[in-house]
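Below is one structure; the comments refer to it alone.
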């Protein structure tokens, strides 16, 4: 296992290193000079060059890159020159909200996807399976921005049951907070749930073809026992990897869902900063989301290898 | 069996023969596939022929704002009195063109890069890491990155769709390269002196085509996702130009007055994505599961 980790982790680090160069390069390819923007609209050429010096933008590129990376590694993300506050404060203030949304969506995706996958994989009733298959196909085909608008239409406008948008922390006020959370989390969760359901049912059906299941049936085990004790534990590990990728996808999907439900999160911060050309903020947020994605993938790969020794070979 | 015969009828040719050997009619007998194809063809045609089908110009404003459906306006009107049916058709046109251009470009680039990984061991390692990096920028994060470099707009949407697809197709064709390399027909081709490039393009590519076709259909559906997502948050096609994403975004403020504003674009997006996915499902069933 250690040997597998020693091989897997460096390649993840390599990916992160290259990604950081790409993200840094983006800032310098981006149209518009950050120094001009930071100095303000009426600044003279001298002020601009002073600001450029102050922001360290006149240093050679490799040096700028290393300064930035060193700052990121020590937790100093620099200042937003549009908002005039440290980037770390901006992100730190809003970090709880996207975490809440992602966690809510993951819980819903696992519950709905797990249930649908189980039905598709083991249920015998034709009607039940057909209905679940249709629901899964539909959930897969509806993008979050369509299901989000649809949810608002039905539950916030036609029936005034839930708030159309906004955010109240679940931790501060669970009862109200959940009302704000449920629709955005559901919109984000549906496509992931559909993917999970598909992979789980395929995985279960593959396991059902294995000899040890046939032996279980032959020696007269109850079907429920076969499914829960033998088929599921062996069908789950590959699904775990898919879940990791889906959580990673949610980071991007959250940008749209946050916009629909006016949910104050990292996605909104990225879009706002992009529109106000606050490149330092975008640069850091891009690196953070990419890092989270790579870390998630590495962790799920390691977990998968921990429960399935065959993967450690190759 | 002679060497030439071995190179010309590779072991997996039977899979592809379903499509080639007059098998299209048999493929179409799959209800999922034919339903999906029908949906896709109708919607793509509606988009392409939008200038002929639309009852009004998508930009023409009228006195009736936020009207509900009527004979004159089948889907009602928006806040400027523009005909929503026409706007949905033109939005569909925008999406169809963006996806039909961007997905093939991304697929082609991915296939070429993926095939190149079969040329040398070191190149394979470099390309693998390149794909890893590209994959770590998920769809909308890639969209933000692209919009930051070239600015938001229809071009940014197409570049994003193409870029996101490069590693998907590249990985698929690379796994064919790795899987087929040991097969007898490749060894035979090497033995009669075929060059590496010739083997990759003439022998391995045709045999790895089936998963690529399925991926193509799936990629078309995710491309619609990406356009809508980027346009919704203002990185993609921007009003007044209609796209399915920007129409939905515009409808958000008027859901209470005119829910029909949202229903048209919602139905168009869902049916288009569903169509592509049904095609992908049907193709998976006939090409891959055997």
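Here the Cβ of each residue, glycine as well, is placed from N, Cα and C on the backbone.
Through the fold, the transmembrane segment (A:12-31) approaches residues 61, 64-65, 68-69, 72, 279-280, 282-283, 286-287, 290-291, 294-295, 297-298 of its own chain, all at least 6 residues removed from its boundaries and within a Cβ separation under 8 Å. According to TrEMBL, the feature transmembrane segment maps to A:12-31 (among others).
The domain 'ABC transmembrane type-1' annotation in TrEMBL covers A:95-300.
Residues or ranges marked as transmembrane segment in TrEMBL: A:101-123 (among others).
The annotation transmembrane segment is assigned in TrEMBL to A:135-158 (among others).
Annotated transmembrane segment per TrEMBL: A:178-200 (among others), in sequence order. Same-chain residues lying 6+ beyond the ends of the transmembrane segment (A:178-200) with a Cβ under 8 Å from its Cβ atoms: 100-102, 104-110, 112-114, 116-118, 120-121, 132, 136-137, 139-140, 142-145, 147-148, 151-152, 155-156, 162-163, 166-168, 170, 235-236, 238-239, 242-243, 246-247, 249-250, 253-254, 257-258, 260-261, 263.
Taken from TrEMBL, the feature transmembrane segment applies to A:283-303 (among others). Same-chain residues lying 6 or more positions outside the transmembrane segment (A:283-303) and placing a CB less than 8 Å from one of its CB atoms are 4-5, 8-9, 12, 15-16, 19-20, 23-24, 26-27, 68, 72, 77-78, 87, 91, 240-241, 243-245, 247-248, 251-252, 266, 269-270, 273.
Tertiary neighbourhood of the transmembrane segment (A:135-158): same-chain residues 116, 120, 164-165, 183-184, 186-188, 190-191, 193-195, 197-198, 253, 256-257, 260-261, selected by CB-CB distance under 8 Å and a gap of 6+ residues from either end.
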